[in-house]
Every structure is written in structure tokens, then in C-alpha cells.
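I have placed the structure first, in the form of C-alpha cells, so that the comments after it can refer back to it.
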Amino acid sequence: TVTVVSWAMVLMNSPGQVGWFALHPPLQTLAVFAFTFGIITLQPTNQPKTKVAGLLRHQIAIFFIGFPCILLGTFAVYYNKWLRSADHFATWHGTIGIICIVWLAFQTLLGAGSVWFDGALFGGGLKAKSLWKYHRVSGYILFPLLMFSVYLGGAWSNWSAKCSIWLVRFITFTVAPITIMLGVYLRVR
């Protein structure tokens with residue numbers, strides 16, 4: 001819902017007139033969709049075969065889809081503000097958003113470093129695997145922060161208010177993120 005409505009809002013409201021900003025909502029919401037899929041694909045995995053397949057889906061969704069999309073979406077809004085000489089991180093959405101981006105970079109490094117090449121980045125073997133629990137806990141704390149950023153941008157931004165009615169914003173950017181978080185956390189084992 002969040003992704004589809006965000007894309008529709010951009011496409012139905014003269015995306016060419018908002019410059020680089022037009023890339024921000026679609027890329028960010030696609031990234032959050034990929035992150036959500038990446039999290040739930042690991043929950044629950046009981047068999048070694050399903051764990052391996054889940055980890056592969058997790059890495060593809062997060063590392064190859066979500067992370068590049070969120071970086072490009074962040075660059076698009078940053079560059080758009082730079083072109084217009086607008087203030088950066090002047091809202092709670094922008095401030096929490098950049099905190100999420102920095103945290104995601106750390107989170108990605110921790111996750112990839114603990115499993116790729118048998119965790120060689122962190123000393124390999126059991127040493128690296130022992131960091132995996134921190135990666136997982138960090139992700140479960142970061143996820144609601146990402147959803148809060150979606151809420152702030154979608155429910156309260158001036159652009160969103162111009163492009164949709166309050167009921168659409170309430171359902172899409174308040175109710176849906178809460179429902180998504182509940183769905184994810186109910187699967188956690």
C-alpha cells in the first residue's frame with residue numbers, strides 16, 4: 001500500500017515539475033518494501049535448507065535492491081535541495097531519515113561482514129557469527145525508525161499534503177506502517 005500510493009502520488013502530480021524530488025518517494029518506499037521482504041523472508045526458518053534460501057533472499061532484497069534504492073532516493077532529495085539552495089535536514093522526516101541512512105550503512109556492513117567469506121571481516125567462524133545477533137537486534141530496532149520516517153514524510157510533509165487527501169495519507173502512512181510492523185514482529189522467532 002505504502003509503495004503503490006507513493007508511486008501514484010508522484011506520477012499523478014506532475015513529477016517533472018518537482019525535479020529530482022520525484023525520485024525520492026518511489027525509491028524510498030521501494031527500499032522499505034525490499035527491507036520488509038528481506039526481514040520476513042528469514043522468519044521463521046527451521047531447516048538448514050530454508051535458512052540458506054532465506055538468507056539468500058534476504059541479501060538480495062536488502063543489499064541489491066533496498067540499499068541501492070534508498071541511497072539513490074536520498075541522493076535525489078539531497079541533490080534537489082542543493083539545486084534549489086534549500087535547507088537540508090530541516091524537518092523531523094529529514095533528520096530521522098539521515099539517521100536511518102547512516103544506521104543502514106552500519107547495519108549492512110555488520111550483516112555482510114558477519115556472513116560473507118565466512119565472516120572474514122570480523123575474524124571468521126564463530127567470532128563473526130557471534131556478531132549476527134547484534135545485526136539482527138539492530139535491524140529490529142531500526143525497522144520502526146524507518147517506518148516512522150515513512151510516516152513523517154507521507155503523513156505530514158507539505159508535498160504529500162498537496163498531492164493527496166488526509167484520509168489517504170492517514171491510511172497509507174499511519175495505519176499501513178503500523179500494520180506492516182505488526183506483521184513483521186508477529187513472525188519474529
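Here the Cβ of each residue, glycine as well, is placed from N, Cα and C on the backbone.
All annotation found in TrEMBL is predicted automatically rather than curated by experts.
Features reported for this protein in TrEMBL:
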| type | residues | note |
| --- | --- | --- |
| DOMAIN | 1-189 | domain 'Cytochrome b561' |
| TRANSMEM | 20-40 | transmembrane segment |
| TRANSMEM | 60-79 | transmembrane segment |
| TRANSMEM | 91-117 | transmembrane segment |
| TRANSMEM | 137-159 | transmembrane segment |
| TRANSMEM | 165-186 | transmembrane segment |
In terms of Cβ proximity under 8 Å, which residues at least six beyond the ends of the transmembrane segment (60-79) contact it?
20-28, 30-35, 37-38, 41, 88, 97-98, 101, 104, 108, 111-112
May I ask for the residues of the chain that lie six or more residues beyond the transmembrane segment (137-159) and have a Cβ under 8 Å from a Cβ within it?
2, 6, 18, 21, 25, 28-29, 32, 35-36, 39, 91-93, 96-97, 99-100, 103-104, 106-107, 110-111, 169-170, 172-174, 177-178, 180-181, 184-185, 188
